[in-house]
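Below is one structure; the comments refer to it alone.
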C-alpha cells in the first residue's frame with residue numbers, strides 16, 4: 001500500500017477510471033461465457049485499449065497500458081472482481097453507469113492532454129482524446145463479436161467526449177488548463193452525459209431521424 | 001476557399017479520393033441504422049483508416065488521418081453528405097464504383113511512395129501501399145460486423161492494388177517515378193479494376209475454383 | 001537455396017513457426033469460402049500478425065512481418081499450400097496441433113526477448129511476448145467474423161504463453177537466457193500446452209465454473 005500512497009491524486013483518479021471501464025469489459029466477457037482468461041483480456045482491452053490506441057497513434061511506445069504495473073494490475077483486478085462477483089455488479093447498474101460517465105470524462109481530459117504534451121497538435125490530440133474515452137468500448141464490442149454500441153445506439157456518449165476534448169485543447173492552447181478548468185471539463189463531459197441519459201436526449205439515425213426512443217440495451221451493456 | 005486554392009493538385013486529387021472512399025463507409029453505416037456519430041466515424045475510418053494503418057506501420061506518427069484538417073474535414077463532409085442525401089448517392093451506384101476504382105489507384109500510388117520516401121524498404125512499402133488502398137474498406141466491414149468483402153468476393157480489387165504498388169516501387173527504385181509514370185500507374189490500377197468488372201473476371205475461391213459468377217453484393221456494398 | 005542456407009538456425013525455426021501458424025489462418029479462410037487473395041491475407045495475418053502488433057507496440061517500425069522477404073514469403077507459401085492442398089492438411093489435424101504448440105512456444109520466447117532487447121521493460125515485454133504467440137489467431141478470428149477462440153474455449157493456450165513469457169523475462173533479467181534455458185522455455189510452453197490437451201485440463205468460465213468438457217472445435221479451428 002506504500003506504493004499506492006506514493007501515487008499522485010490524478011493517477012489514483014485515472015486508475016479508478018480504468019477500474020470502472022474494465023468492469024464493463026469483463027462483464028461483456030462473462031455474458032458471452034468467455035473463460036477466465038478471456039474475461040481478463042476483455043477487462044484489460046476495455047480499461048486500457050483506448051489509451052493503447054492513443055499511445056500508438058502519437059508514437060508514445062510502449063503504451064502505458066502494457067508497460068505500467070499499476071494500470072495493468074488495476075484492469076486485471078476489475079476482471080477478477082467481475083469473474084467472481086458479476087451478479088452483484090449487475091445489480092449496481094445505475095452506479096456503474098454514473099461511474100462510467102465520470103471515467104469517460106477523465107479519460108478524454110487526460111488523453112487529450114497527453115496528445116498535446118506529446119506534440120501531436122490540436123486536431124490529432126482531440127481525436128486521440130476522444131479515442132482514449134471510447135476506444136476501449138469499441139475494442140470490447142469487436143472482441144465479443146458485436147457492432148460497437150457507441151456507433152449505433154444514438155445516446156450522447158461521443159458528443160460529450162468531443163466537446164470535452166475540444167474544450168481541453170482550447171484551454172491548453174490558451175495556457176488556461178489548471179486544476180479548476182480541468183475539474184470544469186470533467187463536470188461538463190460527465191454532466192452532459194448523465195443529463196442526456198436522464199432527459200432521454202438522442203442523436204438522429206438515418207433510419208429514424210430524430211424520433212424513436214432508447215434502445216433496450218444501455219451504453220455499457222449493463 | 002483560399003486555403004483550398006493553396007493546395008497542390010495532387011493533394012486535391014487525394015482529398016477527392018478520400019471523399020469517395022468515405023462515401024462508401026458512411027453508406028455502410030446508414031444501412032446498419034447507425035446514428036449520425038456512427039456514420040461519421042465509419043466515413044472517417046473508411047476514407048482515412050488505410051492511411052492511418054500505413055503511417056502507424058512505418059512509424060510516421062501522428063498519422064495524417066488524425067492530424068490534418070483537410071483530410072479529416074473531407075472524410076467527415078462525405079459522412080454528412082451520405083447521412084442527409086444517401087438515397088441520391090445510392091442511385092449513382094455506377095458512378096461511385098468508377099470513382100472508387102480511381103481512388104484505389106491513387107491511394108496505392110501515394111501510399112507506396114510514402115513508404116519508400118519514409119525509408120520503409122520496397123517490400124514494406126508495397127504492403128503499406130496496398131493497405132492504404134484496401135485497409136479502409138476492411139476497417140469499415142469489421143466495424144459493421146461483416147466479413148471483409150475484399151477477402152471473400154472474388155473480384156479483382158487487391159490484385160490491381162498489388163500490381164500498382166509493385167510497379168510504383170520498381171519505378172521509384174529505377175528513378176523513373178515522375179508525373180507521366182504516376183499517371184500510368186493510376187491508369188493501370190483503375191483500368192484493370194474496371195475492365196475486370198466489365199468482363200466479369202474473378203479470382204478462384206477454394207470452394208468454387210474458377211467457376212461461378214459474381215456475388216450479388218458489389219465491391220463497395222453499393 | 002543459398003539464401004536459406006545463410007540463415008541462422010533460430011531464424012529457420014521461427015520461419016517454420018510462421019509457416020505452421022499461417023496454415024491455420026489459411027484454413028480458416030478456406031472454410032469461409034474466401035477467394036485466393038483472402039486466403040493469402042489470412043495466412044499472412046495469422047502467421048505474422050502477432051509479431052506486427054508486437055513491433056507496433058514497442059515502436060520497432062516497420063515490423064518484420066511486412067519488411068522481411070523471408071517472413072512474408074513463408075506466410076504466403078503456407079497460404080498457397082492450404083489453398084491447393086487443404087483436404088490433405090485437414091487430415092493431419094493431430095500433427096498440426098502439435099506443431100502449433102511448438103510454434104506458440106517459439107513465438108512467445110522470441111517475442112518476449114525482442115521486447116526486452118528493445119528496451120520495453122519486463123511487463124510490456126511479457127505482454128508483447130504473449131501477444132506474439134496469440135495475436136495472430138485473434139486477428140484470424142476477427143477477420144472471419146468469429147469470436148476469438150482463445151478468449152472463450154477454456155483450453156490452456158494463453159496460460160502456457162504467459163508462463164513462458166514470464167520465465168523468459170526472469171531468465172533475461174538474471175542474465176541466464178542461453179541456448180539451454182531457451183530450449184527449456186520452449187519445452188515448458190509446448191509441453192504444458194500438449195499435456196493439458198491430453199489430460200483435458202481446462203480453465204473455468206463464468207458460465208460453467210470448473211465443470212464441463214472440451215468444446216467440439218479445437219484450438220486451431222482444425
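Positions of Cβ are set from backbone N, Cα and C atoms, glycine also.
TrEMBL lists B:12-30, B:37-60, B:66-85, B:97-116, B:122-144, B:156-179, B:185-210 with the feature transmembrane segment. The annotation domain 'Glycine transporter' is assigned in TrEMBL to B:12-86, B:98-172.
By the Cβ criterion (distance under 8 Å, sequence gap of 6 or more), the transmembrane segment (B:37-60) is not counted as touching the transmembrane segment (B:185-210), fewer than 3 such pairs being found. The listed stretches are B:12-30, B:66-85, B:97-116, B:122-144, B:185-210; of these, B:185-210 has the most Cβ pairs under 8 Å to the transmembrane segment (B:156-179).
Among residues of the same chain six or more beyond the transmembrane segment (B:12-30), those with a C-beta under 8 A of the stretch's C-beta atoms are 4, 38-48, 70-71, 74-79, 81-83, 86, 89-90, 96, 99-100, 102-103, 106-107, 110, 136-137, 140-141, 144, 220-222. For the transmembrane segment (B:66-85), same-chain residues at least 6 beyond its ends with a Cβ under 8 Å from one of its own Cβ atoms are 3, 7, 11, 15, 18-20, 22-23, 25-27, 29-30, 36, 39-44, 46-48, 51-52.
Here the domain 'Glycine transporter' (B:98-172) is broken down by DSSP into helix, strand and coil counts: 61 helix, 0 strand, 14 coil.
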